[in-house]
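Everything on this sheet refers to the single structure shown next.
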Amino acid sequence: MSQPQASIPTQPRAKQLRACLLCSIVQTPADFRKHGCPNCEEIMQMKGYPDRISVCTTTYFEGMIAMIDPEHSWVARWQRTAKYVRGMYAVRVRGRVPDDVEAELESRGIKYRPRDQTDMD
Amino acid sequence: MSDLEDDARVTNDLLDDEEEDFDEPPKKDKRRAYADEEEDEEDEDEDEEDDEEDEDAGAARGKKRPRRHKRPAVNRFLDVEAEVDEDEEEEEEDEEYGKDGFIAGAEGEEDDADVHRRAADHARLDRRREELNDQDLAQIAADVSERYRRTAVRYSGDMNEIPQRLLMPSVEDANLWQVRVKPGKERDLVFSLMRKSVDREFSNRPLNILSAFQRDSLPGMIYVEARSAKQVSDACAGLVGIYPSRGIILVPIEEMASLLQIKKQEITVTPGSWVRIKRPPRYQGDLAQVMDITENGEEVGLKFIPRIDLNPKDEATVDGKKRKKPAGQTSFSMRPPQRFFNYEEVVKVYGRKAVSKRNQVYVFQNDTYKDGFIEKDLRLTALQLENVNPTLDEITQFTRGQDGDGDVNVDLSIIAEASRKAAILVLQPGDHVEVFEGEQSGVHGSVHSIEQDIVTIQPVGVEFDGQRMQVPARSVRKRFKPGDHVKVMAGQNADETGLVVSVIDNVVTFLSDMSMQEVSVFSKDLREAAEVGTGTNTVGNFELHDLVQLDLQTVGVIFKTERDSFRVLDQNGQVRLVKPHQISMRRDSRRAIATDSDGHELRPGDNVKEIDGEGRKGRVLHTHQSFFAFLYNAESPENRGVFVTRARSLASQAPKGNLLNLGGTDLSKMNPLTAAPTGGMVGSAIGRGPRDRNIGETVCVVKGPQKGYVGIVKDTNGSLARVELLTGNKMISIDKSKIFRRLPTGDLEPLDTPRGGRGSFTRGGSGRGRGRGGQPFSSHGDMGPPPTAGFGGPPSRTPNPYNDGKTPGWTRTPNPYAGDGGKTPAAWSTAARTPNPYADGGKTPAWNTSSRTPNPYASGGGSTGGWGGATPGRPTSSWGGATPGRNNDSTWGSASRSWEGESSDNWDAAPTTAPTPAATSWSAPTPAAAAWSAPTPAAGVWSAPTPGVTGAWDARTPAFTPAGGFGAPTPAPNAAWGREGGFGQVEEEGPPEKWLLSRDLSDPKGIRVRIRSSSGSNWQHGNYDDQHGIILNVLNTFNESFDSTAQVKFLQPSDETTRESPSVPVQFLAPVEPDKVGEKVVIIHGNRSGQQGVVRDLEGDKVTISIDGTHVMDEIRRDFLAKIVPAED
């Protein structure tokens, strides 16, 4: 069951933890800078760009999920992270991705779902 | 790599057919066929959609291909091995794709490898092994990181198109299990589970849980997704902070989704709304207004009133770098007050360099200041968004700053905005409301119903006949009109009621029923109410106008009660806001004594007026420490009519009947000597509450399991007493009725009987004899037990009885010291009748020589200084407020003179009469007590008359003996002393100086007297010494200060003075002793004193007399007799 895995933050209490606004994965800013977002780096392009990290991730999230087996987990499916890497995810992330990301998603025909649980249909 | 395609497939599948179970992604070819079928079935629109999606998917694949191209090297070594079979399928698919023409056939290499693999699997494995061995580990690591780092995974928005409701859990999904954990550790444990699962992944005991999560709104629990509870408990085993013993609870399937949907009440921060600052500490709790919000919602631009330290530490101003530190420190200890930024002020303190100006904005210490406000970005987490409740004051302050200076014009829209949200919550059906914004603005009516944010109103007015209208709750506000009687429902004015005087938008001003002051509140906090609220005057145990102790030095009077706090005016005139728990105790000033400017006593409830200052009038609520008086005047506006002033500056407004009697018994209160102890007593009563007199008593339990135990009362509380038992060192609480006081004799008496002994000064009025008996002992108590004091005491007590002379028992006290003290002019005559061995013995040379203590006797023999030593124990009033000095000097008048004279006489005489048993015992150089209790004849006689005395006698400590022994006697034994005449028999003392005043001489008329010198002084300069006369009558003043006199008819009047039957002070009159048989005599001293008889025989000192009215013949000392002239005229 070797699956891609995000780096797990060592300090759960750290105020520094940030959650990706798109996929809700939780990492330290250092990890975001080093590796980018393990799920959506392709579109977010945060790796090596602290400014980008600060707009694409947030500290304002709530609820912490240890996603151990995303493929089979209902939680992952509910959170729409089933296809993402293993790692820590936030239940709820406040804020929206930057406009350019939103535009890019739109251009790709991907429906953007903010992670703040505002539109649960 | 197959993931990618699966993703796309799943998405498409789900879109194509919602009923399709997406758990089993169909094979590609299957899907194709399936889709084909569908295409046939469904209408064209859907077809088009489908096609589009297919195109999309195709396009996506097309884009992907080149990337896949780069990966084979990695694939070969890492990704492939576990999926050999699938790979083949994949390859087939790939081939298919290739045939489709999507791929440009650039995969020659890979194809080669495929061929190779198919040909010889074993060879391939060998080669792989070789390659693995060859490759150094660094390369592997690099590859791994390369793989993880790759950005090739195209974000596809995965399942974003699926509606959330289709993601609801099914029975086939794993369950959620609720696990109890230590509150605060939830997040840690979720992380721990994650790490643990990673660690154990390839061990022989991997964790079988799928996920775990935690919600901030569900403290103390985490949820674990697993197939069975066993898996959960296995996963949790060994983790600290998890309580599997408290149950691993299955979450019902329908509740699973809601656990992840929990949403905290979202508080949206919008520009213009109010927040409170939590951090930095310098601004903690301050109100701030939101100006803007950063894009990601993390930081908020705020505007608030700065707190600039205008008195920084010295070094802080020296240079900019040092400044930061002290600023940070001071912010914790004492933060500077809120103050609008003032360029001049800041420049003055920090220097011109510290502040720079850009446009209209000042920059100071990296903060920007505009219009006096500081503008600062703070993180949302450092703000308090809920329960902001800006007060009118704070908002006024804000608006004032905006207006520039001091314009009190409150911007109501701001307040309205601030209070609007809350206003929705307070509406109730039936409330009278008005619409203040929107189309219906101006319409008013009563609330019919409320649904969420929509209020249905029944409007009032002709045009709205029976209609109802719905308006948003935020657009209505409660409506009041002047004249309404309202009650405040919330806020610091809660429970106030009053009449509305004005309504300005949503600020209602009403006149409080209680304070008669105008109060402005938001209309949302008001309700129409008919009741006249008193407010609650009681909070906790404290009531309005209670005198309460705030701290050691401070007391105050509650003048206003608020919801859960008080306004207290302390004795310094300061107003404090205190909570009930800050009050250490309520104090009772009912017994506090304070005097007003006239010296009248001030009592709570008196109506008084200030004689100086403002001349305020008021009713006394409390007095404090005899100095402060708390007054109440309902008409006074400040502090609700309560004010504090000095008691000395008050004058009573009404005459006080009971206190006008200045010459009455209240004299003692005027006496500073007596007032002091009284005041002290009361003062302590204030401080500690009235002390129970029984505290400290030795008691014996008379009932219950502890019956017979002896202990000491340590504390009392109502009917309970806490007694420390002598045995076992145990404290028990016991009903007072079950304990009896244990007298030193071992006798028991109920606690509520007054004590015969010491310290019962409070019982002064209970009975004359006893009261006086007690009084001296109070002085003993004051002076302590040393013999000196003991000796000092008795004289002090004498004046009182002699003063009014109404206690026969007392005057006959068998107290030698009393005898001495009794050598006051008035007392002499009586004391003379009480032949007192002590007085006698006390004056023996032996006593003097032993001189073991600085007692008044010893010194009394030599000088009057002895009296001085004794005076401390003389605070009884009958000495006429005698000061120590007075006792010693001649202002004491004749008394002091007589004392000297008499004493010297007695001292001289003492040796001759000394060889009596009593004297002997006295002279024994043993401690006094021993002598007293020595079985000498005297002592025997002593103890004989009354058992009560005996008891007390023996029990006393040596030091206390003289005092206590004599203090104990009740009037009865005292009387017995006199009547028994036990002392009379052994008494060698002559009749006292003022024998004429003896109570036994019922009719002194006719007694033959002669003039003599008394205590060294002479009557009329001794001109009439030794002249004889006959008593006509005796005027007893019962007062030391005024001589008691006797009118004497002189037998041979020599001049004008004597002829007129003058009044002669009794101390100058000596009895004329009989000298012939047959003369009629009266016995003036001794146990038969007062009886008359006829002389039958004269023999030396003794005279045999037949007592009148009896047939008794008695031998009486000659000097105990006085000739009497039968009544003639």
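Glycine is no exception: its Cβ is also placed from the backbone N, Cα and C atoms.
Keep in mind the model is a prediction, meaning the values are calculated, not measured.
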Which one of B:428-471, B:648-691, B:956-999 shows up in TrEMBL as region 'Disordered'?
-> B:956-999
Could you check which of B:315-334, B:595-614 is flagged in TrEMBL as region 'Disordered'?
-> B:315-334
Arithmetic mean of per-residue pLDDT over the domain 'KOW' (B:1074-1101) | 81
Same-chain residues at least 6 beyond the ends of the domain 'KOW' (B:426-453) with a Cβ under 8 Å from one of its Cβ atoms are 459-461, 464, 468-469, 471-480, 489-490, 505-506, 524-525, 527-528
For the domain 'KOW' (B:479-506), the DSSP residue counts stand at 0 helix, 12 strand, 16 coil
